[in-house]
Structure formats: C-alpha cells, structure tokens
Amino acid sequence: MKAPVRVAVTGAAGQIGYSLLFRIAAGEMLGKDQPVTLQLLEIPQAQEALQGTVMELEDCAFPLVDGIIATDSAEEAFRDADYVLLVGAKPRGPGMERKDLLEANAAIFSAQGQALNAVAKRDVKVLAVGNPANTNALITQRNAPDLDPRNFTAMTRLDHNRALAQLSNKVGCHSTEIRGLAVWGNHSATQYPDISHCTIQGRPAADQVEHAWVKDTFIPTVQQRGAAIIKARGASSAASAASAAIDHMRDWALGTPEGEWTSMAVPSDGSYGIEAGLIYSFPVTCRGGDYKIVSGLSVDDFSRARMDQTAAELAEERDAVAHLLP
C-alpha cells in the first residue's frame, strides 16, 4: 500500500462537499490503492454540521481513509496538503452585483492563498470549484507567490461533461464515443463549448449536427445549464459538480487516456492569443501529474469571437479585484 496523501477540502459541510467526500474516501479520485488523510475546512458556524459529516465518514469504515481532520483553521487544513479542493465560497445573495460577489470572495481566497503559501506541500495541486471559480483561482494563486503558478486551476470539467451529455443526447451515442470536445474560457455564461475538433464514433461532429443547432441550442444550453438546474431542483448542482471535481483531479493526478484531452481552466501561457496569466479553460492533456495545453488547433472566426468574448470577461473580473491582488 502506498503512503497516505493529504487531501484538503474547503466548504466541507456543504452540499458539494457532502457529494464529494465519500467518493474521495472510496478511492474514486486518486485510485483504489491510494490511502488519504482528509483535512476538512469549514467556517466556525458550520463546525457542528461538519462533525456530522465526519461521523458519517467514520461510519463508512473506508479502508483508504488514514485519518480525518476537521477544523476552522486554513493553516491546519492545508498543512502539508498534496491536493486542495477549494469548494467553499460566498454565494450570490439577492440584489448582489457580480462585483460585490467578486470582492466578497476575494477576501476569502486571498486568505486561503496565503495559508497555502505558508503550509502546503510545494507541489500541491489546487482546484477552485467555488464561484467565480476562474477568478477565485487567480486570487489564490497571486497570494501564494512561493508556489508554482501552474499549481492553481479552476473547474470547467462540469461544463465539459454537460457539453458531452448534450451532444450524446442529440446524436444518440454514448458520451464515451465523443472525442475532441473543448470548453474555452470562463466558468460562466460566456464559456464556449466547442465541437469544431470533435469526432463522434470517429466521424466529425460537424457533419452530424447542424451548425444552427450548435449556435442556437447547444452552446446556450451548456452555458445556462446551471441556472436550469437551480430552477428545476430549487438548489444549485451539487452532485454533478462534485463528480466533475473528481474527474478533474483524477485526470490531473493519474493522466488523461491516451489520445484524449479534457478541459481545465489553467494559467494561460499565451496560447491561442489568450492573455498570459488569465485562468482560462483550454483543452489539455495530463501526464505524470502535469497538464499541457493542446497546441496547434485551428480557430475559425466563429470560435475566435467566442474565445475572445470570454477572455474579455475574465480580464474584467481580474481588473475588478486588481486593488485586492498583491
């Protein structure tokens, strides 16, 4: 059996946390041969609820769980962490402007970045799940100057999985028969789910669906799926978000399947004309615990306009919190 690794989860008593922790504990994220120590962070007023989740985790008697820490201290939760899932974030309240939401979360993620900088493993892998995820990842990264900027990512795997589901439903195939889908940009309504390099059962997707459907139905449906789930369920997507977080971390840690890519929001290196430093979703491959942006894809005018629109939104978000960045 391997030595245990430390997995920190913030917002651990919340809905996504509840859907996430039992699957991590069962080995679905890092493998059935990888023991884990769970380091769970919650705000003081949620500590009792967190204890309830810890009791349930204990009652599962998971063979892979080496230990559980529950705390309201970021330093304690992040100490020597190998993997960190930043799930906890301030939700948007009634009448709250996006700028207010950005500022409220900037305070949370600045403090968490500083704690990671102080106590986490130097090769820690960090995933921002809580929204606005891309900008929260950027704020965390900027507050952890001693860590590699590439260690900080944001989740667009939920958008990627949503796009797979819409496309497979449309053509009547299984999602595993789709290759080459990409989600570009921000985890927001400006994201661009792109099928232009996509194949379904080995044939170009563009030959199997009409462009009008892609433009008028597919893209808006994926962009608005989160809102549609809130309307239907009366609560935001939790289980699907947790599942996507596991997918993201599993691929980053263990690698993407040979010949396939996925979508991750990572620091731009200037690829595809996207401003360097923005946390932007690209198609990536993962190998040996590292990710690489897929290079050399052609970009037509339709894609370019959408890729630039979502980049502009990310630049606006960054500028809105610039006074709070180190």
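Glycine residues also receive a Cβ, built from the backbone N, Cα and C atoms like all the rest.
According to Swiss-Prot, R98, N131, R162 bind substrate; the candidate from R92, R122 that the record adds to this site is R92.
Summarising the substrate site geometry, the residues cited as binding it (R92, R98, N131, R162) extend over a maximum Cα to Cα distance of 24 Å.
Here R92 (substrate binding site) comes close to R98, L101: these same-chain residues lie at least six apart in sequence, with C-beta atoms under 8 angstroms from its C-beta. Neighbour counts of Cβ atoms within 10 Å were compared for the recorded positions R98, R162, H187, and the top value is held by H187. Each of the binding-site residues Q15, Q112, N131 was scored by how many other Cβ atoms lie within 10 Å of its Cβ, and the smallest score goes to Q15. The DSSP secondary structure for R92 (substrate binding site) is coil. Around G17 (NAD(+) binding site), a 10 Å sphere centred on its CB holds 26 further CB atoms from the protein chains shown.
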